[in-house]
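J.: Quick one: the structure is below, questions incoming.
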Amino acid sequence: MESVLKAQRGGESVLDLSPRWTVGGGVEDVYGEDRATEDQLVTPWTVSVASLLRDPHHNKGLAFNEKERDAHYLRGLLPPAIISQELQEKKLMHSLRQYDLPLHKYMAMMELEIYDFLGLQERNERGIILEVLRNWPQRTIQVIVVTDGERILGLGDLGCQGMGIPVGKLALYTALGGVRPSGCLPITIDVGTNNEQLLNDEFYIGLKQKRATGKEYYDFLHEFMTAVKQNYGEKVLIQFEDFANHNAFELLARYGTTHLVFNDDIQGTASVVLAGLVASLKLLGGTLADHRFLFFGAGEAGTGVAELIAIEMSKQSKIPLEETRKKIWLVDSKAIKPTALIGTSGVGKTFTKEVVEAIASFNQKPLIMALSNPTSQSECTAEEAYTWTEGRAIFASGSPFDPVEFNRKRFVPGQANNAYIFPGLGFGLVISGAIRVHDDMLLAASEALAGQVTDEHCDKGMIYPPLSNIRKISAHIAANVAAKAYELGLATRLPRPADLVKYAESCMYTPSYRSYR
């Protein structure tokens with residue numbers, strides 16, 4: 001992947017640490033969130049009692065104990081009952097389980113969320129982006145997820161209404177990866193929309209203009225990237241999310257050597273799929289270089305996955321990258337007899353019975369990865385894959401499928417969910433103080449994830465570990481990524497911790513109430 005982007009940069013590498021963009025900066029834990037279980041005095045600026053109850057960073061609701069209520073004048077401002085955090089969680093989960101519709105559950109969960117967001121409009125904020133960033137109340141940002149709303153998964157061009165994606169991704173950074181909430185900043189860059197329905201909607205809140213393109217677009221993005229580093233320093237991670245293909249690769253190529261940037265659609269998808277392939281070798285046997293991979297779909301996800309597979313194959317076998325690329329096909333071909341069929345087309349039902357039976361005819365254990373989202377766009381279902389291969393398929397998908405019973409055996413489909421990778425990867429970059437993202441870090445993340453797949457998982461046909469273990473998984477991924485950052489000389493947090501897994505676990509944010517003296 002780096003070799004492709006390097007060509008677009010005119011030969012400049014991530015490891016060159018381009019002097020064009022080198023400024024200082026860092027982050028600190030203003031709210032003490034990384035030390036959430038320590039006793040702590042009420043926040044210094046809190047001079048009124050109401051601040052404790054109004055600020056969601058400090059409000060514990062009915063969990064304030066008798067001593068705290070007396071010390072901070074909360075008597076009469078709360079009902080007399082004292083309810084622990086554990087009981088509050090139990091009550092919340094009981095309420096959520098009363099809803100039948102996922103939408104109602106989502107709405108109830110959103111009421112708990114305290115994320116704000118930042119919107120930048122190309123027409124109104126050009127020339128003053130740095131000033132707009134300084135309006136954000138938090139000064140110590142660790143991770144930014146930014147979108148321009150052009151390619152929102154399954155929905156297309158949503159313009160400024162794509163903000164739910166950065167907010168949702170950052171919620172996963174916190175819940176799954178342990179990044180503290182106050183260090184997260186979701187941003188939408190509004191450069192217009194080509195969605196006629198939105199342009200004609202009187203209630204649409206974004207810019208009612210066709211999307212800016214070419215020099216106008218890239219000048220605005222450049223001002224944004226410059227302002228982010230100037231305001232937050234060199235170690236802030238910028239994750240590009242749901243940009244259209246024609247901009248996604250270009251932005252990685254432009255800023256990969258000058259900023260800490262990552263594209264989840266390209267690099268995150270590639271890393272999680274590679275992890276599944278590496279784990280599947282426990283069932284298939286051999287090395288990656290012994291197999292052939294056929295992709296249906298050559299967009300940013302497919303090409304990103306293909307390139308990372310080729311890189312890992314070259315690394316393992318010492319075969320030149322140009323040769324390993326020849327084992328990967330991005331077009332339909334009946335001659336290559338692939339071991340693995342990987343769908344990234346976004347077109348549902350394309351892995352027909354004839355296609356699946358064909359790959360099963362020359363493979364004892366055909367690997368089928370139907371990665372397109374949402375479920376309706378999956379290339380085939382888990383049940384179809386297992387049935388058409390008579391239970392021999394190793395199956396994974398982009399959307400979740402229920403376990404399948406076939407011939408009295410229970411198969412558990414894997415889900416190649418990017419949530420396995422990006423929270424741990426991002427956290428590893430944060431805890432090491434990394435200043436660039438290198439392909440070897442993506443490989444390190446894949447290897448760490450594959451290493452969490454046990455023989456017990458393989459017996460069930462699983463090539464990904466259960467998401468219920470995601471915090472442990474993220475800690476191992478973060479440690480592997482951080483180790484690679486130190487090895488490459490891209491880490492700035494010194495000295496290097498002796499045990500990176502324990503260090504990652506100790507740094508993870510946990511939403512535990514603090515005690516106030």
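Residue positions begin at 1 at the first shown residue.
A Cβ is built for glycine as well, from the same backbone N, Cα and C atoms used for every other residue.
As listed in TrEMBL for this protein:
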type	residues	note
DOMAIN	85-256	domain 'Malic enzyme N-terminal'
BINDING	R151, N373, N417	(S)-malate binding site
BINDING	E241, D242, D265	divalent metal cation binding site
DOMAIN	266-486	domain 'Malic enzyme NAD-binding'
J.: Cβ distance under 8 Å to E241 (divalent metal cation binding site), same chain, sequence separation 6 or more: which residues?
T.: V145, V146, T147, I165, P166, K169, N263, D264, D265
J.: For the binding-site residues listed here (N373, N417), tell me which residue's CB has the most neighbouring CB atoms inside 10 Å.
T.: N417
J.: Would you kindly give the Cα-Cα distance separating D242 (divalent metal cation binding site) and N373 ((S)-malate binding site), rounded to the nearest Å?
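T.: Just about 13 Å between their Cα atoms.
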J.: What whole-number Å value do you get for the CA-CA distance of N417 ((S)-malate binding site) and D242 (divalent metal cation binding site)?
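T.: About 15 Å separates the two Cα atoms.
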J.: Are there any residues at least 6 positions away along the chain from D242 (divalent metal cation binding site) with a Cβ closer than 8 Å to its Cβ? List them or say none.
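T.: When sequence neighbours closer than 6 are ignored, D242 (divalent metal cation binding site) has T147, D148, G149, E150, R151, I152, L153, G162, I165, D265 within Cβ distance under 8 Å.
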J.: For the domain 'Malic enzyme NAD-binding' (266-486), provide the mean pLDDT of the predicted model.
T.: 91
J.: Starting from the Cβ centroid of E241, D242, D265, the recorded divalent metal cation site, name every other residue in that chain with its Cβ within 8 Å, sequence order please.
T.: T147, R151, L153, I165, F240, F243, A248, N263, D264
J.: If you measure every Cα to Cα pair among R151, N373, N417, the residues listed for (S)-malate, what is the largest value in Å?
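T.: In whole numbers, the farthest two Cα atoms are 18 Å apart.
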J.: Can you tell which of R151, D265 has the most other C-beta atoms within 10 Å, given these are the binding-site residues?
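T.: For the binding-site residues R151, D265, the Cβ with the most other Cβ atoms within 10 Å is R151.
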